[in-house]
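Feature list (source: TrEMBL):
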DOMAIN    311-383  domain 'DUF1736'
REPEAT    499-532  repeat 'TPR'
REPEAT    533-566  repeat 'TPR'
REPEAT    601-634  repeat 'TPR'
REPEAT    703-736  repeat 'TPR'
TRANSMEM  131-151  transmembrane segment
TRANSMEM  188-208  transmembrane segment
TRANSMEM  220-237  transmembrane segment
TRANSMEM  286-305  transmembrane segment
TRANSMEM  372-391  transmembrane segment
TRANSMEM  403-424  transmembrane segment
TRANSMEM  430-449  transmembrane segment
TRANSMEM  458-476  transmembrane segment
Amino acid sequence: QNCNHHNAEAPNSEQAFHRMAQTEPNLDHDIPWFILPSYWAKTVVALISFLCFANSYDGDFVFDDSEAIINNKDLRAETPLGDLWHHDFWGSKLSSNTSHKSYRPLTVLTFRINYLFAGGFYPVGFHVINIILHCTISVLMVDVFSILLGGLQFSNKGRRLNLAPKTSLLAALLFAVHPVHTECVDGIVGRADLLCALFFLLSFLGYCKAFRESKEGHNFSIFWVLVSVILGAIAMLCKEQGITILGLNAVFDALVINKLNVLELLQKLLHKHKSLENAGLLRKGLLFRITLLMSGGASILYIRWRIMGTGPPAFTEVDNPASFADSLFVRAINYNYYYSLNAWLLLCPWWLCFDWSMGCIPLIKSVSDWRIIALAALWFCLIGLICQALCSEDSHKRRILTLGLGFLIIPFLPASNLFFRVGFVIAERVIYLPSIGYCILFTYGFSLLSKQAKKKKILAVAVLGILLINVMRCALRSSQWRSEEQLFRSALSVCPLNAKVHYNVGKNLADKGNQSAAIKYYREAVRLNPKYVHAMNNLGNILKERNELQEAEELLSLAVQIQPDFAAAWMNLGIVQNSLRRFEEAEQSYWTAIKHRKKYPDCYYNLGRLYADLNRHIDALNAWRNATVLKPEHSLAWNNMIILLDNTGNLAQAEAVGREALELIPNDHSLMFSLANVLGKSQKYKESEALFLKAIKANPNAASYHGNLAVLYHRWGNLDLAKKHYEVSLKLDPMAPGTKENYNLLRRKLEQLQKKGG
């Protein structure tokens, strides 16, 4: 039975169609797979892709989500929309030397819309959009694979025909359930890859529409070619990889529309063959269309370069150690090893990790390293596929293998280190698009095996088993992406040599108050990477809080020695030196921190505390004032100003500062308490009482609030209420300083009054 004319999209009346080329073998003929109408095929793909990642919908913000979303000011309504076009993905100015130069304004815009609709940082909405995007992309893949595997043909009514309904469904399912996609779908920052992929596919489908009215490829729509270029530009504004679709459209045009034989064309070029003039290159407008694509791509890249303003970002050795190797041989060997690991993640996506840097993959430094085998295997397979793609006599085979390799390799080029240094060793998110090529090659390989196999049903069961395993793996990996604790701990078994993994586990434990366990992981991070300054800083901070000051000072001193512009470590070193009563050194450390980070309110706050300890009251007030100018909601700085002015008898000034602070932070109960104390001393009892009561309502279990309100009532002569609040204060904190003595004084006074009354 000949399946070439099977049409899963159009009724039988539309089976008459014009073709782009001669009839070719159909992959569906021998494949033991089920066939579904187009609508049902897309519904199945959508449901299964949803099933894989649905359990991540109510996950937290994890890993990079904090920097890209929670700490990104570009998401907030007060930031002008125009700033998005001048900032990078993380909210930094593109012109800044510290910018990563990742220019993705449309992705950030979707985050901002999410934030506005949710009314804050609630992760559910962000996760739901990511899941919907992946389902949409997976559905589009049915159409994309039907073209890539079955060819581009239209009915007489201009309707595209699906000549490979079985293989396109299988390839789309493979894409939908691939576990390597979990980082893109479950990590909210993966939105960049999802949006890029969406417009990438729309650009490809738009380019295909340019030939809807064409016959034998002679006529085409310039409008749809330009639409394809615009969609490619939009894809690049979501993530940099998007620009590669223009190259893939050119490859598709050459292979599918013009049926070029690449090897034959190269031979003619080398020998300057006379028949070159009659090649399809010019006859079917291919050269013109490629010129349009290249001009569009060059214009997009030029505009992006102008916006970026400066050179490439400055990454560190721990981000991508191979790129810092002195030897060209070492760099080349390790880059190729990274490629082989990416290929392995596509073939066997079992060992997945949120971060592959910082020693996770030790450098290959000699040819005696057994891992060289992986490079040999990769290039053996690639060279074999390339030879078949170029030299096979079967034009159908040449086309599918070349398209598969094109979609596998071309979208990966921006992450390959070939054109510029990238800031990672391996990143699962960057193989979201290349996995399209993998699915093409896998499906084609399955069709070839099916053609040769006698027991086709066993093959079908094996493929169904792979799909089922991938679905379960996706669900398991999605559950790990639900929280930072699960995500970080899942990496310990995959990358035990990765210092960043241990650092993140430690940080997560420290945030939950488990300092003892955090210390263990921070120490391991420093052991694995003795120059890991962030781990030293965090470990020093915990040791400082545990009063292990000597070791804390050693760690922080080493951190600033390794990275002299590490402002946070300088500040923490200053705090330790202050605790050791080495005040001059502490002051110098604070000023060094401020030198490296001009807008550092916390450092000004700590500098003010140092000056207060030295009775340099004016300097302390100035430092705290600087902290509040830089960060108006800095409650501790405001409080310290009020308390210092109160203690030095400047009640009027203390009152003015307190009122100013409460205007900026009206719901801060500690500020209410401090100002209430000042007003009480100024004999403004009624206003003081109102503030005390408001502070107690906000924080009813603060013993000092009840105790000081009792003192106010005591002074005011309202003895019964004073007695009540003294008793509440002592109940909350029996050891509260001064409260018991004041309560005893009040009791004696009440006893005296009772005797007089008697």
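Every residue, even glycine, has its Cβ placed from backbone N, Cα and C.
Automatic prediction, not curation, is the source of TrEMBL annotations.
Counting Cβ pairs under 8 Å that are 6 or more residues apart, the transmembrane segment (430-449) and the transmembrane segment (220-237) reach fewer than 3 and are not in contact. Same-chain residues lying 6 or more positions outside the repeat 'TPR' (533-566) and placing a CB less than 8 Å from one of its CB atoms are 499, 502-503, 506-507, 510, 515, 518-519, 522-523, 525-526, 572-573, 575-577, 579-580, 592, 596.
Residues of the same chain lying 6 or more positions beyond the ends of the transmembrane segment (131-151) and with a Cβ under 8 Å from any Cβ of it are 20-21, 24, 26-28, 38, 41-42, 45-46, 49-50, 53-54, 56-57, 160, 162-165, 167-169, 171-172, 175-176, 181, 184-185, 191, 194-195, 197-198, 201-202, 204-205, 208, 252, 256, 400, 403-404, 407, 436, 439-440, 443-444. Residues of the same chain lying 6 or more positions beyond the ends of the transmembrane segment (403-424) and with a Cβ under 8 Å from any Cβ of it are 100, 148, 200, 240-241, 243-245, 247-248, 251-252, 255-256, 312-313, 315, 319-320, 322-323, 331, 335, 338-339, 342, 356-357, 382, 385-386, 389, 430-431, 433-434, 436-438, 440-441, 444.
Counting only same-chain residues 6+ beyond the ends of the repeat 'TPR' (601-634), those with a CB under 8 A from a CB of the stretch are 567, 571, 574-575, 578, 583, 586-587, 590-591, 593-594, 640-641, 644-645, 648, 661, 664-665.
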